[in-house]
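To keep things clear, I will list the structure first and then write my remarks on it.
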Amino acid sequence: MIKFALALTLCLAGASLSLAQHNPQWWGNRNTIVHLFEWKWSDIAEECETFLAPRGFAGVQVSPVNENIISAGRPWWERYQPISYKLTTRSGNEEEFADMVRRCNDVGIRIYVDVLLNHMSGDFDGVAVGTAGTEAEPSKKSFPGVPYTAQDFHPSCEITDWNNRFQVQECELVGLKDLNQHSDYVRSKLIEFLDHLIELGVAGFRVDAAKHMAAEDLEYIYGSLSNLNIEHGFPHNARPFIFQEVIDHGHETVSREEYNQLGAVTEFRFSEEIGNAFRGNNALKWLQSWGTGWGFLSSEQAFTFVDNHDNQRDQGSVLNYKSPRQYKMATAFHLANPYGIIRVMSSFAFDDQDTPPPQDAQENIISPEFDEDGACVNGWICEHRWRQIYAMVGFKNAVRDTELSGWWDNGDNQISFCRGNKGFLAVNNNQYDLSQELNTCLPAGEYCDVISGSLIDGACTGKSVTVNEHGYGYIHIGSDDFDGVLALHVNAKV
């Protein structure tokens with residue numbers, strides 16, 4: 001009986017920890033993360049204070065923070081080839097990182113770090129030098145900056161069969177030296193690295209290449225981490241938020257269900273299907289059952305996005321900034337729908353798979369510059385600064401904890417729905433106008449469409465909609481309008 005009680009206690013404790021790791025630790029009613037891909041720490045700190053906090057964003061996913069290999073031309077993916085756990089990259093050093101985390105936390109913006117636990121750098125001719133000046137010999141699996149030696153890695157092998165669990169989890173992903181997370185020593189170094197970031201005030205981690213590590217090894221690592229730092233405004237006993245990169249199209253040998261109890265899981269099918277719909281390959285009317293009805297993970301387990309830094313560079317259904325009208329519609333739907341834990345992308349312009357972030361002649365990352373409307377102009381795309389996107393972050397905050405209701409569609413590519421009695425969204429992806437009286441579910445009054453403009457000094461700078469005492473309003477979205485979406489909410493009432 002004593003053994004049974006102890007086993008039950010340990011089981012419940014483990015379940016409690018894993019449940020806590022699904023909590024993003026947002027501040028107030030904020031509930032949207034933005035990925036400021038390849039931004040410098042000093043620029044993120046300023047963005048938190050001057051843009052993200054005033055517009056209601058909840059958190060920032062940052063690029064990998066630890067020292068990486070220096071690759072010719074400085075492609076973005078060099079950040080995913082670590083050679084030590086020193087906090088020095090092209091985004092800045094440890095002091096600048098710590099300052100950024102503190103300043104962002106001070107204004108209610110949480111920081112989530114993209115962490116590389118699966119591997120170290122791939123092969124390099126001779127001695128490699130990292131962004132902190134550390135030397136390593138990746139071909140010999142020698143990383144003195146940690147230190148790691150060959151005994152800390154799985155034996156070298158290539159992934160040739162993606163249906164072979166051993167290859168997926170113990171061979172080298174695109175040639176990257178595969179760490180043995182079952183080793184007590186490797187586990188200790190990874191835990192030490194993550195705990196240091198927790199001490200500096202981060203709220204959680206995106207775990208890169210999680211499916212290439214055994215779930216039981218990750219469970220041990222996550223369970224060994226410190227609680228979040230209360231000096232940065234986190235409650236006592238708060239656990240780091242974990243979201244794990246697991247690419248699972250529904251027929252994978254290593255499945256998302258192995259990881260979704262440990263933390264949230266990236267729902268890549270969400271990205272593909274929302275792209276299909278707004279590219280016109282699937283009628284929007286089918287989005288009425290969006291979420292688990294499409295075979296996605298449960299909402300609290302699903303980390304969702306229209307695109308990410310990887311798949312935005314692929315050919316296929318995934319939308320990116322290069323299709324701006326469809327991208328804004330898809331993002332508006334994403335932010336208006338209650339499904340999933342949401343991240344929006346903030347990119348830099350690219351022409352190919354290897355394009356580096358905007359940099360100067362000395363290969364230093366440059367700071368974003370802005371025009372009079374606040375949009376980025378010097379190689380940074382900054383989708384999060386597009387009015388149609390940041391306004392929907394405000395919409396999402398306004399409708400938090402309400403249900404989707406009042407669905408309407410025209411049997412094709414015109415849809416609308418309510419979020420309780422606090423918000424309304426309409427989308428027109430047809431080649432003809434949407435002009436109709438629709439139920440907005442809102443209290444009577446005049447509302448600004450936050451897509452086409454803003455509420456400033458009691459007046460709308462864009463479209464407005466008058467809602468009658470029955471909640472109905474006349475909705476018009478022309479087929480040739482600049483934006484194919486209209487959004488109203490109670491905080492934009494005139």
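The count begins at 1 with the first shown residue.
Placed from the backbone N, Cα and C atoms, the Cβ positions cover glycine too.
Just one of Arg187, Arg239, Arg279, Arg343 is listed by Swiss-Prot for the same chloride site as Arg206, Asn308, and that one is Arg343. Of the listed candidates (His196, His212), Swiss-Prot assigns His212 to the same Ca(2+) site as Asn118, Gln169, Asp178. Between Cys376 (disulfide bond) and Asp208 (active site, nucleophile), the C-alpha separation comes to 28 Å. Sitting within 8 Å of the Cβ centre of Asn118, Gln169, Asp178, His212, and not among those site residues for Ca(2+), are the Cβ atoms of His119, His154, Val168, Glu170, Cys171, Glu172, Leu173, Leu179, Gln181, Ala209, Met213. In this view, the densest Cβ surroundings among the disulfide-bonded residues Cys48, Cys104, Cys171, Cys376, Cys382 belong to Cys104, judged by other Cβ atoms lying within 10 Å.
In sequence order, Ile33, His35, Gln61, Asp114, Phe243, Glu245, Thr266, Phe303, Phe305, His309, Met345 are the same-chain residues whose CB sits within 8 A of the CB centroid of Arg206, Asn308, Arg343, the residues recorded for chloride being left out. Listed in sequence order, the recorded positions near Arg206 (chloride binding site) (C-alpha within 10 Å of its C-alpha) are Glu245, out of Cys104, Asp178, Glu245, Asp310, Cys448.
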